[in-house]
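Student: Got a structure for you, questions after.
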Number of protein chains: 2
Amino acid sequence: METPIRIGIVGYGNLGKGVEYAIRQNKDMELVAVFTRRDPSTIQASVPAVDIRDAHTYTDRIDVMILCGGSATDLPEQGPQLVELFHTVDSFDTHARIPEYFDSVNHVAEASGHIGVISTGWDPGLFSLNRLLFQSILPEGNEYTFWGRGVSQGHSDAIRRIEGVKHGVQYTIPSEEAVAQVRRGDNPTLTTRDKHLRECFVVAEEGADQARIEEEIKTMPNYFADYNTIVHFISEEELREKHSEMPHGGLVFRSGVTGEGTKQIMEFGLNLGSNPEFTSSVLVAYARAAFRLAQKGEKGARTVFDIPFGLLSPKSAAELRKKLL
Amino acid sequence: METPIRIGIVGYGNLGKGVEYAIRQNKDMELVAVFTRRDPSTIQASVPAVDIRDAHTYTDRIDVMILCGGSATDLPEQGPQLVELFHTVDSFDTHARIPEYFDSVNHVAEASGHIGVISTGWDPGLFSLNRLLFQSILPEGNEYTFWGRGVSQGHSDAIRRIEGVKHGVQYTIPSEEAVAQVRRGDNPTLTTRDKHLRECFVVAEEGADQARIEEEIKTMPNYFADYNTIVHFISEEELREKHSEMPHGGLVFRSGVTGEGTKQIMEFGLNLGSNPEFTSSVLVAYARAAFRLAQKGEKGARTVFDIPFGLLSPKSAAELRKKLL
């Protein structure tokens, strides 16, 4: 066994904890420390927690920093800062700002001689990879993306703002009928209402008018009015027991043609028990790739589009050809 | 628009014709000629047909040769021969001999300064890529592969060898129940019989004993005895009308765990109206990648594991980041 790849985690929320779990499944990696903006003494991790301002003292002890902060404010600042000192991987997911973020990480990484892998995860990430693969192979065709079954934070928040609602969780669910149409090559034109259902589990305050709450949810513009929405009223206990996980997933299809109108359908799907834990597992595989790119002497920002799958695996290229091709 | 990538096709069977079609869907490519071992005057293609022995006269007119011969005898000979003169792409699919074939192409390609992409298509190819991706992200889990719905040439041939059978086509069909179990995360242990059905369409000779034929099919060792097999007797006309296409496809799953037993399921699926046309479309996308790798000064043999998806697309890296990530 070679020396393990030494990993640091920046930010110890759901994503950071998922990375800690994922590293245990990868024998060629070792978690060294968790870096935080909080008081390190309040962090309960399997490795030392360190003030993020002291990260620079770890440059000879950590190979790759996995950045687990948010895309709104954390990553735009931390990405360029940390790629000055380490190879980095992150899940920056503000689609519209990716080119700008790429440039800012690339600028520093080129100068510091590090690799900065940005915007991994599943969307952006694996879904993007599949859309690219699908359209490269089937240039003539239609693309379909379905989301879920999964919790939408924005929609759950919208329910909770309604008067008389104590708690609420909303699941986005792909329409089985729409998915079946795409799968069999019907090439349907699908409206918003056709593609997804919205299912809400609501805890009402005592004495609240449930009929009025249901009506307010179902007619809420932007969030629910354009969808078929199902509302269930449940107890607080049931909500806590059955609806506190963070499942998600989705399906990407390309329904294309080759030759003289031959139908060809490609599909990629995820059914995730935990959205953050899965994203963490993707981050960890790309941390390995970052390390290997650096070993080859490469530097600069990279995305999933730039990285061959062979670098994601702990196996050698010869072993992969022999056993997996 | 830049100068198109100039393509040659070696071997003008189903796969070669599929490549000819696929190139029409890719504006950055141009088909220059078809190379054959047959008498070129018997070939009806949209470009000149040329004796394969004259391929060396095309080195300044063709960038990438797409090798459309068979894996048993054509490619082991043609792969090394042609990568001496051109960048090449092929769909070598004898899994057990891939390491040896890789070495023989690599040896010549390194010396001649060309890129030789071997073993593309969907299996080996896209299925291999997904198995690699899935196990790199979810190291703990089970992998499932289902085949079909598609024609199995070997099983169709086996039917035709039975006395009293005039024609026959066999479809391998994934069991819907088994697929559903995997999709919902049951992690089933599946026997051969559980995973696939075999459906046979048989044209019997006049006066032949259909009950005996059906029994012989269903009890045939290796081919059918371990499966649930359905046999239909149909007319020659019906066989010709409804069963002369070459559909295929399949599903690759990984049912894994993260964290403390959280279920995570990844899935990749193909539903192909024409197996050879789809394989051709994959070959053409990898021809683009071969050309781009060569432009970067790389040489030697490559597999799908070594090639970033970004190189498969005619779009630039910046455009891909902006529009697809």
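Any Cβ shown, glycine's included, is placed from N, Cα and C.
This is the feature table in TrEMBL:
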type	residues	note
BINDING	B:12-15, B:36-38, B:68-71, B:91-93, B:120-124	NADP(+) binding site
DOMAIN	B:121-274	domain 'Meso-diaminopimelate D-dehydrogenase C-terminal'
BINDING	B:W147, B:T172, B:R198, B:H248, B:N275	substrate binding site
Student: Quick one: average pLDDT across the domain 'Meso-diaminopimelate D-dehydrogenase C-terminal' (B:121-274), no decimals.
Tutor: 95
Student: Is there any among the binding-site residues B:Y12, B:P124, B:W147, B:H248 whose Cβ is under 8 Å from chain A, and which ones, in sequence order?
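Tutor: Near chain A - Cβ to Cβ under 8 Å - we find B:P124.
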Student: Closest to B:N275 (substrate binding site): which of the binding-site residues B:L15, B:G70, B:P124, going by Cα position?
Tutor: B:L15
Student: What are the non-local neighbours of B:G121 (NADP(+) binding site), defined as same-chain residues 6+ apart in sequence with CB under 8 A from its CB?
Tutor: B:S91, B:D93, B:T279, B:V282, B:L283
Student: Where B:R38 (NADP(+) binding site) and B:H248 (substrate binding site) are concerned, what is their Cα separation in Å, rounded?
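Tutor: If we compare the Cα positions of B:R38 (NADP(+) binding site) and B:H248 (substrate binding site), the gap is 29 Å.
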Student: Counting other Cβ atoms within 10 Å, pick out the least crowded of the binding-site residues B:G70, B:P124.
Tutor: B:G70
Student: According to DSSP, which kind of secondary structure is B:R38 (NADP(+) binding site) found in, if we only use helix, strand and coil?
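Tutor: Where B:R38 (NADP(+) binding site) sits, the three-state DSSP reduction gives coil.
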Student: Please work out which residue of B:Y12, B:F92, B:W147 has the most C-beta neighbours within 10 angstroms of its C-beta, and give that one of the binding-site residues.
Tutor: B:F92
Student: I'd like to know which of these binding-site residues, B:R38, B:R198, B:H248, is least surrounded, judged by other CB atoms within 10 A.
Tutor: B:R38
Student: Looking at the binding-site residues B:Y12, B:L15, B:P124, whose Cα is closest in space to that of B:R198 (substrate binding site)?
Tutor: B:P124
Student: Quick one: pull the CA-CA distance for B:P124 (NADP(+) binding site) versus B:W147 (substrate binding site), whole Å only.
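Tutor: Computed Cα spacing between B:P124 (NADP(+) binding site) and B:W147 (substrate binding site) is 13 Å.
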Student: Among B:W147, B:T172, B:R198, B:H248, B:N275, recorded substrate binders, what is the largest CA to CA distance in Å?
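Tutor: If we measure all Cα pairs in B:W147, B:T172, B:R198, B:H248, B:N275, the largest is 18 Å.
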